[in-house]
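Copied over from TrEMBL:
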- Gln78, Arg102, His129, Pro130, Cys131, Gln132, Cys268, Leu269, Arg296: carbamoyl phosphate binding site (BINDING)
- Asn161, Asp225, Ser229, Met230: L-ornithine binding site (BINDING)
- 4-142: domain 'Aspartate/ornithine carbamoyltransferase carbamoyl-P binding' (DOMAIN)
- 149-306: domain 'Aspartate/ornithine carbamoyltransferase Asp/Orn-binding' (DOMAIN)
Amino acid sequence: MTVRHLLADDDLTAEEQSAVLDLAAALKADRHAEQPLAGPRSVAIIFDKPTLRTQLSFTTGVAELGGYPMVVDGNLAQIGTRESIADVARVVGRQVSAIVWRTHGQDRLQEMADHVDVPVVNALTDDYHPCQLLADLLTIREHKGSTAGRTIAYVGDGANNMAHSYLLACALAGMHVRIGTPASHQPSADVLARAERIAGEQGGSILVTDDPTAAVAGADVVATDTWVSMGMESEKGDRTGQTSPFAPFAVTTQLLDHAAADAIVLHCLPAYRGLEIAADVIDGPQSVVWDEAENRLHAQKALLTFLLRASS
Ligand code: NVA
C-alpha cells in the first residue's frame, strides 16, 4: 500500500496541488459533497504549539467529512520525551485514519511518518506551513482567477516556515515568487534550490532581495507574517524593537503603493498591527485575510480527501 503524506509543500506535484485546489473550491460550494471519513473514522490532530485556526479548521473539517476529530494536547502526550516518537506513531497509527501534527522540528514529523501506515499532515513545523499555503492559493485563485504567471511578494522573516512554504507552494502553482527579507534572515539554501528547480519546471521564477520596494514592485499579491514565530519568543526584543532588521519590510500603505493597484494582501494570522503590517492595510480594502482564514477549512478538507484516496 502506498501512503501519501504532506510533510512539506513539494510532497504534492503541481498537478496534485491543482487538483486539491479544485476540490477545495467544490467543497466550499457544497460542504458535505465528500464523506471519505464516514463511519466515522477518526483523525488525530496533535498540537505541540499554540493554535486557533488550525484546531478550528481541522476539527470542523474532519466532522464535515463524516469523521471524528480527536484533538490531542501535546503537553499531555509529551511526544518524544515521555515516550519515543516511533512508539507513539505505532500506537496512534493503529487507531486513526490520518494524523495531523503541529510540532517543532521537521525531523519529528518525518519520524512519525516513517512509523505509520496512514497519511501524516504537517499542521506547521519550524520549517513549513503547507496547509496555510493551500488556503492562500485558493484565496489567490478566488480573487485573481488563477495563480500561474502571477507575482507574489512575501516580505518579512525570510528564514521562517511561511517564507519556505511560499517559495515551494507558489513555485508549484507557476507563480513568480519574491522574498523581501534582510540579509541576516535568508531562506534555507535547500528550500531555495528546490523552489528554483520547481519554478523552472512550472514557468515561474524566484527572487530573494533585501530591498522591500523591489520585492513588492508591481506584485499581484503581497504577503507577510509575524516577525516572532512560535518558539522564537526569547528573540522578541531584537525582532520587534527600535533596531529590528525587519522594520523596513513592514507592510504599510506606502510599501503597498509599489504593488499593482489591484494587489491583494495576505496574512496567515495572528497579526501584529503596527509591526509586520499596518492596521490600515490589514483592515483596508485590499486585505483578504478573512477569506484566507476561512479557506483553511476548505483546503484541508480537500487535502485529507486527496491523501486518503491516494493512500488506499
Ligand atoms: N510563522 C508563524 C506562523 C503562524 C501561523 C509561526 O510559526 O508562529
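Here the Cβ of each residue, glycine as well, is placed from N, Cα and C on the backbone.
Overlay of TrEMBL feature records on the structure.
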residue	record	Cβ within 10 Å
Gln78	carbamoyl phosphate binding site	12
His129	carbamoyl phosphate binding site	29
Cys131	carbamoyl phosphate binding site	26
Asn161	L-ornithine binding site	22
Asp225	L-ornithine binding site	27
Ser229	L-ornithine binding site	19
Met230	L-ornithine binding site	17
Cys268	carbamoyl phosphate binding site	24
Arg296	carbamoyl phosphate binding site	26
- Those binding-site residues in Gln78, Cys131, Met230, Arg296 whose CB falls under 6 A of ligand 1, listed in sequence order: Met230
- The DSSP breakdown of the domain 'Aspartate/ornithine carbamoyltransferase carbamoyl-P binding' (4-142) into helix, strand and coil residues is 65 helix, 23 strand, 51 coil
- Query: Across the domain 'Aspartate/ornithine carbamoyltransferase carbamoyl-P binding' (4-142), what does the pLDDT come to on average, as a whole number?
  - Reply: 98
- Message: I'd like to confirm something. Which of the binding-site residues, Asn161, Asp225, Ser229, Met230, has a Cα closest to the Cα of Cys131 (carbamoyl phosphate binding site)?
- Response: Asn161
- Query: Rounded to a whole number, how many Å is the Cα of Gln78 (carbamoyl phosphate binding site) away from the Cα of Ser229 (L-ornithine binding site)?
  - Reply: 21
- For Asp225 (L-ornithine binding site), the close binding-site residues (Cα within 10 Å) drawn from His129, Cys268, Arg296 turn out to be Cys268
- Item | For Asn161 (L-ornithine binding site), the three-state class that DSSP assigns | helix
